[in-house]
Amino acid sequence: MRTNYALVGAGAALGALARYAMGSTLTANIVGCFLLGLVLAACGDGKLRTFLAAGVCGGLTTYSTFVLEVLTAASPAAAISYVAITLTTGPLAGAAGYALWPSS
């Protein structure tokens, strides 16, 4: 159990650094959802999946910042557009990542 916490923490640190480097929550969420799809398709249950899915992808994507950006958008139209784009492209990117991994 402690090993899983360490794996998630280490992965989350990497994911958060990647999110910060991207500079855009929308980009980070789309990339993170895509990577999550790949991880779920490629990795069975285990430590690597814990590190990558819960850790790296969890640290890379963020919902709290998403909410902050919606609430502080320049206009209601901008907020609605941001929500629509995020909720559409995230699941599509996840499905694409999952579908691109060759099944065994």
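Start at 1 and count along the chain as shown; that gives each residue its number.
Note that Cβ sites are derived from N, Cα and C of the backbone, with glycine treated the same way.
Sequence annotations record features per position, and here TrEMBL assigns Na(+) binding site to G58, T61. All chains included, 17 other C-beta atoms sit within 10 angstroms of the C-beta of G58 (Na(+) binding site).
Marked as transmembrane segment by TrEMBL: 28-44 (among others). Sequence-remote contacts of a segment are chain residues at least 6 beyond its ends whose Cβ falls under 8 Å from one of its Cβ atoms, and for the transmembrane segment (28-44) they are 15, 18-19, 22, 52-53, 56-57, 60-62, 66, 86, 89-91, 93-101, 103.
Proximity of distant same-chain residues to the transmembrane segment (51-73), defined by a Cβ-Cβ separation under 8 Å and at least 6 residues beyond the stretch ends, is recorded for 7-19, 25, 28-29, 31-33, 35-36, 39-40, 43, 79, 82-83, 86. Per TrEMBL, transmembrane segment is recorded for 51-73 (among others).
Same-chain residues lying 6+ beyond the ends of the transmembrane segment (79-101) with a Cβ under 8 Å from its Cβ atoms: 26, 29-31, 33-42, 66, 69-71, 73. According to TrEMBL, the feature transmembrane segment maps to 79-101 (among others).
In the three-state DSSP scheme, T61 (Na(+) binding site) is classed as coil.
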